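Engineer: Dropping a structure here in structure tokens format, bear with me for questions.
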Amino acid sequence: MSVMFDPDTAIYPFPPKPTPLSIDEKAYYREKIKRLLKERNAVMVAHYYTDPEIQQLAEETGGCISDSLEMARFGAKHPASTLLVAGVRFMGETAKILSPEKTILMPTLQAECSLDLGCPVEEFNAFCDAHPDRTVVVYANTSAAVKARADWVVTSSIAVELIDHLDSLGEKIIWAPDKHLGRYVQKQTGADILCWQGACIVHDEFKTQALTRLQEEYPDAAILVHPESPQAIVEMADAVGSTSQLIAAAKTLPHQRLIVATDRGIFYKMQQAVPDKELLEAPTAGEGATCRSCAHCPWMAMNGLQAIAEALELEGSNHEVYVDERLRERALVPLNRMLDFAATLRG
């Protein structure tokens, strides 16, 4: 008898931390990357959760720092023939699905995502087969193979709007893979949602009791929460949203002190947006609890300067993203549906 994969009990081995670089080494690799980007007609696309020095380099070279939805838009529209995707593997796959004519490079193809790892395609297909009457909606944080099974792909920035739209059509939903985001969307929309039970190893670690103590210490602070966090954390929030939405909330909220419950990589762009405000990390440990990710994705941390330089210089199978063409064509359908729907929201 086969055993159903249980993402709740899965323990993912973390990658080794990159070797720290000296100041001189960082300067060397920065200049090398800038030169190689020009020589290769390449542009950097970096996620908010990468390290600050990577985001800074993307800015300086005319690239993009954004959430996964805007990364997809930017990469597809940019005239560069090569995209250097600083993020995790599903982001590189998504770039290749949307831009098959372009060379897609990543600093490492071993940069995983616990949500992706927690949704193996064979088990997910069986889950969908058991509920054939439901519309399949998968989060962007999934493999190309899982996207290919879906009716829709969605990011956290438009999840509530999309599910509300599908609910208005009377559709019942399979949601995968993030259980916390699925629960949040269900609560916001009232839709009939059957959730896969995955979780982000970063957001799943935020602790309610420790956050309560921090709130008591700073009663004037607003709490900003990503909806991949547990429900108890979301319920404490003054603002809930995707990475880009949290940065927008930081600007509009009147509070001068902000407690932020998402990957601390976001602090680079958020501090730019609100230079006069104090940003505090929401706690991931306390009351005897320990943390593994400690508010920073270990796979995002693999996107170092040395690895980026090697990707641009060496190319090849160790850095280039490939997606089977038949799989790409199937995954493109729900991705295009997402982009078309997002365009209607932007007016």
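Placed from the backbone N, Cα and C atoms, the Cβ positions cover glycine too.
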Engineer: Just to be sure I read the record right: Cys113, Cys200 are listed as binding [4Fe-4S] cluster in Swiss-Prot. Which of Cys294, Cys297 is listed for the same site?
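Structural biologist: So the [4Fe-4S] cluster site in Swiss-Prot includes Cys113, Cys200 plus, from the candidates Cys294, Cys297, Cys297.
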Engineer: Among Ser22, Ser156, which residue does Swiss-Prot name as a further iminosuccinate binder in the site formed by His47, Ser68, Tyr139, Ala140, Asn141, His226, Pro227, Glu228, Thr243?
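Structural biologist: Site partner of His47, Ser68, Tyr139, Ala140, Asn141, His226, Pro227, Glu228, Thr243 for iminosuccinate, according to Swiss-Prot: Ser156.
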Engineer: Show me the subset of Cys113, Cys200, Cys297 whose Cα is within 10 Å of Glu228 (iminosuccinate binding site); these are the binding-site residues I mean.
Structural biologist: Cys200
